[in-house]
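Have a look at the structure below before the remarks.
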């Protein structure tokens, strides 16, 4: 630091941004908040016909990639579509049971929604249909209003109404470009929620897996285990357990084979086709042995034919609409979070851009139209999307192929599922949801951020020990609590000089950094708002008190200058400026100078307008911490 004085001639002044009108500031802020990707850029300076064509391609991405579609891509999409169809058919029947719906409604939801998404969706890899978590959530919320057995018609009517409002919620978020709202559910909370939901779903399948007839409607682990062990003497059926255990072992073995790294590319189809093979074999065994006459519960009848219209069952007013809206918003947000996360994952793997807001509009339109065709909430399935990706899909045509296979199944093959045992459906669901328990991600969260781990475990235990909706509420609450904690209690750090340089860094991170005698340098690592302004002021004064106590104890020079490094401070509001003025008054009473280093354009403009710079003096505004040390305490800097 001996050359500080030599550098005094190089001191630069802090620049002030040019003044902008209120309208300019408002327009710029609005654009950065809602139109950060500048979606209207391609339309500039284009004739009306070109703008219309671009608008249609924006709404229907199929018009964009369809121009380059060829026979080679079609072959790849057909293979991928057939592969995911073999996986989705048995899963759909099982997931419909999670939602307390008849089996055909699961198949309906893999027929119409994928066709809509194929035209409007921008992800090439996502496979659309019912998923376990959303099915369970929807079933849990719906049965709080109506009994799915004794009030079947009302239950189904509310399901379609909720699906419609789920679609409205999703489309509205996309159209209004409010997709950032789903980011309030943190990755850690999602990991915990998905893991807890997987455990809950697996426990729910013990009814079909063990052949229990009387089973609790609650989803918490205590109620489920009490119901399971309460039925152990007379409720368990050994034939059902044998079927379930044998095919679960087969499904898990198929998954293991498909995941082996050496054979992942060649044998991806093994775990994809295993559920359909299991259903065929189990159905055949039950039929030839007439196991249904010995207590093995079967699917029985699945309605034949494609989706009937359900427009007349959707309610747009009254208590039904209110309940449907409340349930739809929750289910729609969860479905949206899952779909966008899946879409982004595979877009990153294939290196293409995914427009989140466009995806929301596509998913919302898909669910709104689906609700009118007897479908319940559909979204992107991670297991099917992974198979779709591994099978080499090129476009959303793979969803069309899957949809056509489901249509064929509905028209022709549904009678063949009459003797399908419930145990095999339970086994398929258990094997599918085990992949949602991401213990590696949970361990990484524990290592990296303990507060994130609290959010993860809070969501997990909330789902497992309470209910799916409570777990979701816990996940959102802890995520918001973390944001509030970070906003209200920002980090601050003491800075010291790295020997031989003009660089100042955190003394805890760099123990070799030297504290400047007589100068206290504090960095604030956050914007200064009404929510944290008082804390920032008090924390800086506490740093000063601690420093003064150390000086008195060790007979060191008193602090003559306090420098605030504002490099990380992105913004300051009137409360923040008021807190800085109060800090300045406190420092004046202590005869300590206040210096401000490297404020950003927004911050320095607000400080100027609030006349804070006049208060402390423009000479106390510096471009760097090094220059602030020279300017605030030239004698000290020369001695060091």
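If you go along the chain as it appears here, the first residue is 1 and each next one adds 1.
Positions of Cβ are set from backbone N, Cα and C atoms, glycine also.
Residues 399-417 are the range that TrEMBL records as transmembrane segment, among 380-398, 399-417, 494-512. Feature transmembrane segment, per TrEMBL, maps to range 266-288 of the set 82-104, 266-288, 289-311, 519-541.
Transmembrane segment is the annotation TrEMBL gives to one range among 45-66, 155-176, 353-374, and that range is 155-176. TrEMBL assigns the feature transmembrane segment to residues 458-481, out of the candidate ranges 458-481, 554-577.
Count of Cβ pairs under 8 Å against the transmembrane segment (188-206): among 155-176, 236-254, 399-417, 458-481, the largest is for 458-481. Here the transmembrane segment (424-446) has Cβ contacts under 8 Å with residues 90-91, 93-95, 97-98, 132-133, 187-188, 191-192, 194-195, 197-199, 201-202, 205-209, 243-244, 247-248, 251-252, 255, 275, 278-279, 282-283, 299, 382-383, 452-453, 456 of the same chain, all six or more residues outside its ends. Within the chain carrying the transmembrane segment (325-348), a Cβ under 8 angstroms from the stretch's Cβ atoms is held by residues 122-126, 131, 133-134, 137-138, 141-142, 145, 158, 161-170, 173, 179, 182, 185, 190, 354, 356, 359-360, 363-364, 367, 377-382, 385, 389, 469, 472, all 6 or more beyond its ends. Taking the domain 'STAS' (509-632) as a whole, pLDDT averages 89 in the prediction. Counting same-chain residues at least six beyond the ends of the transmembrane segment (266-288), those with a Cβ under 8 angstroms from any Cβ of the stretch are 83-84, 86-87, 89-91, 243, 247, 250-251, 254-255, 257-260, 296, 298, 387, 390-391, 416-417, 419-421, 423-425, 427-428, 431-432.
A Cβ distance under 8 Å defines the sequence-distant neighbours of the transmembrane segment (126-143), meaning residues of its chain 6+ beyond its ends; these are 84, 88, 91-92, 95-96, 98-101, 106, 109-110, 113-114, 117, 155, 158-159, 162, 194, 197-198, 200-201, 204, 217, 219, 327, 330-331, 334-335, 338-339, 342-343, 346, 366, 376-382, 384-385, 387-388, 398-399, 402, 429, 432-433, 436, 467-469, 472.
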